[in-house]
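Input: a single structure, listed below in structure tokens.
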Amino acid sequence: MAALLLLPLLLLLPLLLLKLHLWPQLRWLPADLAFAVRALCCKRALRARALAAAAADPEGPEGGCSLAWRLAELAQQRAAHTFLIHGSRRFSYSEAERESNRAARAFLRALGWDWGPDGGDSGEGSAGEGERAAPGAGDAAAGSGAEFAGGDGAARGGGAAAPLSPGATVALLLPAGPEFLWLWFGLAKAGLRTAFVPTALRRGPLLHCLRSCGARALVLAPEFLESLEPDLPALRAMGLHLWAAGPGTHPAGISDLLAEVSAEVDGPVPGYLSSPQSITDTCLYIFTSGTTGLPKAARISHLKILQCQGFYQLCGVHQEDVIYLALPLYHMSGSLLGIVGCMGIGATVVLKSKFSAGQFWEDCQQHRVTVFQYIGELCRYLVNQPPSKAERGHKVRLAVGSGLRPDTWERFVRRFGPLQVLETYGLTEGNVATINYTGQRGAVGRASWLYKHIFPFSLIRYDVTTGEPIRDPQGHCMATSPGEPGLLVAPVSQQSPFLGYAGGPELAQGKLLKDVFRPGDVFFNTGDLLVCDDQGFLRFHDRTGDTFRWKGENVATTEVAEVFEALDFLQEVNVYGVTVPGHEGRAGMAALVLRPPHALDLMQLYTHVSENLPPYARPRFLRLQESLATTETFKQQKVRMANEGFDPSTLSDPLYVLDQAVGAYLPLTTARYSALLAGNLRI
């Protein structure tokens, strides 16, 4: 009888789930549950790590959240295990600990510490105990054999530059390599902040970055000295302490830091130096890519470092895996996800100073690589390479990264598989990240109830015209429906803070949204539009600054680019909006790079665009280029391209315009450009 009473409810359950948009998601429930268990285990492991450090050092309860403490722990637990492979050089975790100890001692000398003629003997590790003594207070560091000399002569590498002070920021302008890591870890051990400076910056942008993070010293690669020579007077005028990371003929006042490091003993330094007062203290600055202006110095906290230790565990990577990393270390993907993520599980990383598509698979075979960390462009480079024997005999089982376009994704897996691709989404300064743990092509993550319970976020309606979220009459934001593009936001909390940028609170303007769903709440604004489909998969739609309006409709640059990339004669596409005099909004423009040895087929291109895009989304202008303008992490320069416009008298690239009357893309001559400005050419 009871079963008969429950029967109507059971029959109505699918309808209820369908109404709540949950029915299509049920097929993915096993994967959602499996990832939720993994995520909870990861959180528990990180918490246990922090608690173990607190128990070992009651006076520094936050010490276990520091990078220095984790390295010291690995040097004890996995001393002989290979941590780093760079070319022919290999370093174990214990060797990494000793190398970073040398670097820490060199930096502490610049702070005014006197280790004595034999370098002293601290008697404790970075994770150990010790009497608290602020360096610079004039007291001897307990058990360290070092005294703070202070004053004159404390800083040795920068000539007339001011000595370093406790807690100062030291900027690194170095290529990816072991020395980058030892200096970074050494700075962390010495209680100093590090700033990762993009290696391509020079002149104004470089000086801006150094000023914004308050750098007091700069360590630069010797190979950069020639291009930096015009900047040296300005760097000295800023009072920067200057070092070169290697031998050579250096300008006056610049000494070889690596020589100073090698002269130090490799004994540990006092652990209290690297123990943060608060887990949200800033320990690192990483600069944003600067696609929309000058780079901003994102504040990276010890909490972020701890969270990034769990990245590879979340991805299902194990401590016996070998990770291939060919990304710049001055960006989060290389340093925090790649290096810190590897340290989180105690695995091995094969570090490349520069990515080589032709050498990649041979490297993977030589070092028995099992995990490859990518950004989308690297995968595209690989699929565009001619076939080789090495690409089929590898042991790579997992590719983890971001920015992989669906067409490249399919070609990559079909050609180099079987392997799993885990596409992720995240921001350097953000408090939200997603992982496509199912491998569904084209998705950057899942919006399952389980995932959002562990890592909360929301998609809210957004007006691309006003650049603001759409709010209801009560002033609250509204969640999107399945298939509707929405602004990705995440609640700011003690566990998921937003620390902003160095240089002033005005730099974070617009990054925080208040009263989103209820009075008083605060959410981080990612500035990215995502779409959640009826199965709960998240797909990247566009950046808010990239989406534009034309003919009263919203145009997503990524969607237009995907249509273009289906053409076999196109290798790269960059879509953006340009202002056209006499027209509202912005017209679409596409910069194209041909795939050798193909030629541009304007007739096929027009037919393809007309069949696959609505009229308002079809680019009005084309620009043929040898290569696309990108940042060093291969992010397309849309703002720069939009500012350059489409004037044939100022651009040397071949330009084309969509002539609606003719129904074709025609060369944009000076005459047609004048006709367009006069309103005689309909676009």
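Backbone N, Cα and C define each Cβ position, glycine as well.
For Thr288, Ser289, Gly290, Thr291, Thr292, His331, Thr428, Asp528, Arg543, Lys635, the entry in Swiss-Prot reads ATP binding site, with the evidence type similarity to another entry. In the structure as shown, the Cβ atom of Thr428 (ATP binding site) sits within 10 Å of 17 other Cβ atoms.
Summarising the annotation, Swiss-Prot assigns compositional bias 'Gly residues' to 119-128.
The compositional bias 'Low complexity' annotation in Swiss-Prot covers 133-145.
The feature region 'Disordered' is assigned by Swiss-Prot to 119-145.
Annotation comment: Swiss-Prot describes 3-23 as transmembrane segment, evidence class sequence analysis.
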Inset, instruction - Measure the Cβ-based neighbour count of Thr288 (ATP binding site), defined as the other Cβ atoms within 10 Å of its Cβ. - result: 21
Legend entry - Cβ neighbour count (within 10 Å, all chains shown) around Arg543 (ATP binding site): 18
